[in-house]
Amino acid sequence: MKALYRKWILNYWSPYLAMALAGVLSAVYFGITKTVWAVTGEFTRLGGHVMEWFGADVSDWGYFKLIGMQGNPVTRTDGWIVWGMFAGALVMVLLNNNFKLRIPRQKRRWAQAFAGGIVAGFGARLALGCNLAAFFTGVPQFSLHSWIFMASTAIGTYLGVKLIGASWWKGKPRLIKGPVEPARAASGRIQPLLGGLAALAYAILIVCFFVSGHKMLGVAALFGALFGILIERGQICFTSAFRDLWISGRATMTKAILVGMAVSSVVTLVIILANGMDPITKIAAPSTLIGGVLFGLGIVMAGGCETGMMYRLMEGQVVFLPVFIGNIAGAGLLAYAWDHTFIYRRLVETGSKINLIDKFGAGGAIAATLIVLGLLFAIARYWQNHYRFGTGFRKGAAKNVH
Amino acid sequence: MSIDFALDVRGESCPYPVIYTLDTLKEMQPGQLLQVIADCPSSFRNVPEEVVKHGYTLVQEPQKNGRDIIFYIQA
């Protein structure tokens, strides 16, 4: 028992395992609720509620009609996915005695985080999803928009890496001549205790949802917590899956996410066919492309996307608080701009919902998806073996100067 | 073990611990020793992976000190 606890609770998990499990769980979640694992739609609604508190009437805004504003964040399944992810991540952080206020020494990080959060929030909602609905849970729905989003996010993160590599953005570390003797840390018992209590309280809450007949809220609260546990234990970072390729050729996260999507695609297809369900297809339009580029740029500026920032915040990385606020502000801004500016008319209306199952049939769709994911995996592997920090693919660089 | 430089990246989130570490190692003489102190949980994994991939050596197992982690890397 103790060994199991040590292995699964007090150790980080392989990102491959975490993503494969997330792939299976998100497919099952779709089978139960007919919605996908997503977070930014709810962030946009939060932005809408904030605007309502300030007296704005958002009831006739096209974007809120599109995503639905019924209820509030504790009566919606999408809301409980978000709270569940926070709760699951926090419990794991506390059980590991790993909460610490991690405060950036360089003040510029605050402004960078907020700006990045806005750009990422705006871009994600322009494309109708973030790295989840327009990517990790979009590809397994065979929705073409998620492939466009993925490609354009790659472009955006490349631009982002150019930006954060500039010396005025990057800043300077604290470099000391000679060793540093950090104070010995005392071993703490309080955080694991709080973590256990939080887990218990949350479990009771889930039971209450089921007992009181709010079955779907219970399902969302449970799956949200499981997703939170997975992304925290696997240290899953969608931002790094793209960004680190451009920086130092690291592809661990890239490959893990590709594996997760492949698993999720197979399980999702089985669920779609077995239950006679329709996959969730979103509009593929110029807005998908532009949104993806902005999202990619924004997440690199912010240091994390709408998913990654959730567990980072629970770890005490306070710089992700302005990211969170920025995400909501950016999403709210997009909701306003949607039909109050040219965005819907020029960038969205021209698009259409395209699903690979309609185009190629179920067999063709899964074959095409798995082949492309496999190709991307091979490219990521090659990239990891040959791309190096500061020199890229240049010959001889791989051997290093030593 | 004589440490030539120490890099304190506590409070910095990804990807800055990796960037700063690789930047610093590049400027050092081969054989010199760098100590890196980080507290971003992701860096517990990506700093050692990237350092080794770029041809440097971890001279001892990373040390956990409470919520911080300390790496010893030879340039």
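Just so it is clear, glycine is given a Cβ too, placed from its N, Cα and C backbone atoms.
What TrEMBL says about a protein is an automatic prediction, not a curated fact.
TrEMBL has this to say about the protein:
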- A:12-32: transmembrane segment (TRANSMEM)
- A:80-99: transmembrane segment (TRANSMEM)
- A:111-135: transmembrane segment (TRANSMEM)
- A:147-169: transmembrane segment (TRANSMEM)
- A:190-212: transmembrane segment (TRANSMEM)
- A:218-236: transmembrane segment (TRANSMEM)
- A:256-277: transmembrane segment (TRANSMEM)
- A:283-305: transmembrane segment (TRANSMEM)
- A:317-338: transmembrane segment (TRANSMEM)
- A:360-380: transmembrane segment (TRANSMEM)
Inset, instruction - For the transmembrane segment (A:147-169) and the transmembrane segment (A:12-32), check the count of CB pairs under 8 Å (sequence separation 6 or more) and say whether it reaches 3 or more. - result: no
Legend entry - the transmembrane segment (A:283-305) vs the transmembrane segment (A:111-135): 3 or more CB pairs under 8 Å: yes
Inset, instruction - Given the cut-off of 8 Å on Cβ pairs that are 6 or more apart in sequence, determine whether the transmembrane segment (A:317-338) and the transmembrane segment (A:80-99) share at least 3 such pairs. - result: no
Inset, instruction - With a Cβ cut-off under 8 Å, give me the same-chain residues at least six positions beyond the ends of the transmembrane segment (A:256-277) that come close to it. - result: 14-16, 18-20, 22-24, 26-28, 30-31, 34, 136-137, 139-142, 234, 236, 238, 241, 357, 362, 365-366, 369-370, 373-374, 376-377, 380
Legend entry - CB contact flag for the transmembrane segment (A:218-236) and the transmembrane segment (A:80-99), at least three pairs under 8 A: yes
Inset, instruction - May I ask which of the stretches A:111-135, A:190-212, A:360-380 has the most CB pairs under 8 A with the transmembrane segment (A:80-99)? - result: A:190-212
